[in-house]
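Pulled from Swiss-Prot:
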type: BINDING; residues: A73, T74, N153, Q181, S201, A202, H203, T241; note: pyridoxal 5'-phosphate binding site
type: MOD_RES; residues: K204; note: N6-(pyridoxal phosphate)lysine
type: BINDING; residues: C327; note: [2Fe-2S] cluster binding site
type: ACT_SITE; residues: C327; note: active site, cysteine persulfide intermediate
Amino acid sequence: MKIPIYMDYHATTPVDPRVLEAMLPYFTTEYGNAASKSHAFGWKAEEAVEAAREEVAKLIGASAKEIVWTSGATESDNLAVKGAAHFYQAKGKHLVTCKTEHKAVLDSMHALERQGFEVTFLEPERDGRLDPAKVQAALRPDTILVSVMHANNETGVVHPIAEIGRIARGAGVVFHCDAVQSIGKIPFDVEAMNVDLASISAHKMYGPKGMGALYVRRKPRVRLVAEMDGGGHERGFRSGTLNVPGIVGMGKAAELARLERDAEAVRVTALRERLRKGLEKELDLLTVNGSLEHRVPGNLNVSFAYVEGEALMMAVKDVAVSSGSACTSASLEPSYVLRAMGVSEDLAHSSIRFGLGRFSTEEEVDYTIRLFGEKVRKLREMSPLYEMVKDGVDLNQIEWANPH
């Protein structure tokens, strides 16, 4: 077993050796530009790009013509949300999303608000899932876009996307789904889920970083305004020379996900349950955040009461975990996702996200259980609040002195 142990698979995944192997020739011998139509170097590159497009499409039940390459899911989210809003704004300027979306969606929505659009931010239930009835109630005659993620990046909670998509489709509203954390882990089918636009990332499914895709439905056709001008690549949706090695890597990652996903999900779920039960046996006052029933296989988001999440992370340097999402973990604010779910500020501050994946082992899980048990107990020994609770004091009944 190698130390440190990687348990942050929602932040990124290692590149699968089979993916790297598929990519390497496109750095060295097959280095053509896929847009060069006049010679064999270009044709070979284009062939590889189209084969990868086919693989990504197959993974989500789409046609290859509906896949647009991007530099990653942040760009896909921006292109989907802003591109759809700008194209359909003559029809209306109202957008609907959820408070627990990824920052790439939320900040795109805030940018559109500054341009005169109106956004309804819906609250999830206590278990982290969004009730489709709330989406239905939020729709107005001038609503042009609904954007709801499939699986949350912090809690791993899976939203009822098929139902939300059906509601949007029935109202003639474009439906975008950020499917970054679910694709490759659980089934995702654009037809069954009534999705019009879907964001996909390579590095969340054992592919390279800086590589993504956007699914854009053709029937009924969804239109977007391009957010980047240039040579008109990718049917004008996304100009810029194609990253052929990255695309080949994403295609291979998609193929492996399609072939191995279901068996992998069973194994990783068993590891997660081993971790959860082990931690619950070692420690008291431990809360799992979000629905355990509706959740991606490798995610465990836990609050350790009376322990500061950041302090705990410093204490367990041998295990790579995170508090909050990797994109916002540099700020010491409590997780906005957990706060939107109604988790108290104290418990949100004490949350840790464990992410298990393809290369995680039972040995690593058992080591993590022992390490967290030891370190949490040590930190709680220094907590006067924990002492009081163990002595039977109800903290809610205490009148704290006002420091101001």
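Heads up, the Cβ atoms here are built off N, Cα and C, so glycines get one too.
Locations of recorded Swiss-Prot features on the structure.
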{"residue": "A73", "record": "pyridoxal 5'-phosphate binding site", "Cβ neighbours (10 Å)": "28"}
{"residue": "T74", "record": "pyridoxal 5'-phosphate binding site", "Cβ neighbours (10 Å)": "21"}
{"residue": "N153", "record": "pyridoxal 5'-phosphate binding site", "Cβ neighbours (10 Å)": "27"}
{"residue": "Q181", "record": "pyridoxal 5'-phosphate binding site", "Cβ neighbours (10 Å)": "30"}
{"residue": "S201", "record": "pyridoxal 5'-phosphate binding site", "Cβ neighbours (10 Å)": "29"}
{"residue": "A202", "record": "pyridoxal 5'-phosphate binding site", "Cβ neighbours (10 Å)": "31"}
{"residue": "H203", "record": "pyridoxal 5'-phosphate binding site", "Cβ neighbours (10 Å)": "23"}
{"residue": "K204", "record": "N6-(pyridoxal phosphate)lysine", "Cβ neighbours (10 Å)": "26"}
{"residue": "T241", "record": "pyridoxal 5'-phosphate binding site", "Cβ neighbours (10 Å)": "12"}
Recorded pyridoxal 5'-phosphate binding residues, A73, T74, N153, Q181, S201, A202, H203, T241 - maximal Cα separation rounded to whole Å: 30
Cα of T241 (pyridoxal 5'-phosphate binding site) to Cα of the residue listed as 'N6-(pyridoxal phosphate)lysine', in Å and rounded, measures 23
In which DSSP state, out of helix, strand and coil, do we find A73 (pyridoxal 5'-phosphate binding site)? helix
